[in-house]
């Protein structure tokens with residue numbers, strides 16, 4: 001097994017792979033306790049935030065979720081929930097991951113500052129991909145973010161001012177306030193898609209839907225993303241915003257969300273204006289500039305290149321391929337005394353060097369997680385041992 005494999009950069013002249021329109025297969029909610037409920041309990045309804053609202057509202061009352069590593073738990077639990085009820089889950093031969101991982105892959109050609117690493121393992125015909133986030137990196141990021149804590153909070157406050165929760169607005173806050181921020185609460189969509197010939201199964205948080213409060217889930221066509229940005233005052237601000245639109249487009253395009261609403265605030269956190277963008281048209285807004293800062297074609301080539309790279313190298317190390325007799329064979333596992341180990345891979349990106357994949361080695365069950373990633377009971381179910 002090769003230790004390290006560099007990823008060749010895609011040729012801009014190569015054909016642009018097609019990104020298949022996402023198909024919604026499941027939704028689930030994180031409740032105020034962070035527990036998962038397989039329904040739309042945390043789905044919120046869009047209601048435009050009042051211009052002039054203060055996005056520092058409720059900062060001292062916010063509830064932040066514990067910094068615990070959840071890996072791919074919500075996504076894989078959803079797949080098990082679907083399949084055990086006779087519904088379709090992922091398509092084999094592809095990648096199962098969070099929307100945030102694919103956002104990093106699709107924007108990679110234009111990332112000039114931040115390196116990252118991801119962990120990949122193969123199981124039951126799919127590559128599971130998540131961020132490799134060691135404790136020292138988490139601590140460093142937390143220190144850096146503490147200086148911008150209030151600015152980061154403004155995005156959550158904008159969501160509160162822009163949405164009506166299932167239980168309605170509290171009634172004791174300022175105009176439009178949807179309730180104090182609790183970052184435990186999230187509503188997520190799980191979709192099937194594909195980049196070229198490679199199947200994708202993606203989950204990601206969705207901010208709200210465009211529908212009458214109290215009405216049922218309208219599906220992907222009614223989903224919306226909410227973002228904040230500083231008021232654009234000069235060409236430098238405008239150039240920065242056009243670069244920011246790359247991430248806004250990628251996040252929404254990958255999950256099939258048709259609209260992005262951006263609230264523009266001043267330095268004091270006062271909302272001055274807001275604009276709705278059609279996700280599919282965002283690339284054209286940038287394309288017409290004299291010097292476009294990014295191209296969706298290069299992004300799609302990048303995504304396909306990395307996904308192809310991963311499936312080609314990681315899928316053959318699936319233990320159900322290398323140890324086919326294990327599937328459904330409880331006796332063999334009992335005699336071995338443990339599950340066959342996962343072959344763990346690390347995908348590393350450095351803006352100056354590019355991307356490479358290297359094999360970390362075989363990892364069994366560590367603290368209840370196979371390969372350090374997937375819960376043991378989920379792996380046993382996938383292997384037909386439950």
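Even glycines carry a Cβ here, placed using N, Cα and C.
Binding site for substrate per Swiss-Prot: 34, 205, 227, plus 251 from the candidate set 233, 251. Among the candidates 149, 159, 287, the one that Swiss-Prot lists alongside 207, 225, 226 as binding divalent metal cation is 159. Summarising the environment of residue 207 (divalent metal cation binding site), the number of other Cβ atoms within 10 Å of its Cβ, over all protein chains shown, is 22. Around residue 159 (divalent metal cation binding site), a 10 Å sphere centred on its CB holds 21 further CB atoms from the protein chains shown. Between the C-alpha atoms of residue 227 (substrate binding site) and residue 159 (divalent metal cation binding site), the distance comes to 8 Å. The most densely surrounded of the binding-site residues 205, 225, judged by C-beta neighbours within 10 angstroms, is 225. Cβ-based crowding with a 10 Å cutoff singles out 227 as the top-ranked of the binding-site residues 34, 227. Here the Cα atom of residue 205 (substrate binding site) is found 9 Å from that of residue 225 (divalent metal cation binding site). Neighbours of the divalent metal cation site: apart from 159, 207, 225, 226, residues of the same chain with C-beta atoms within 8 angstroms of the site's C-beta centroid are 158, 162, 163, 206, 208, 224, 227, 261.
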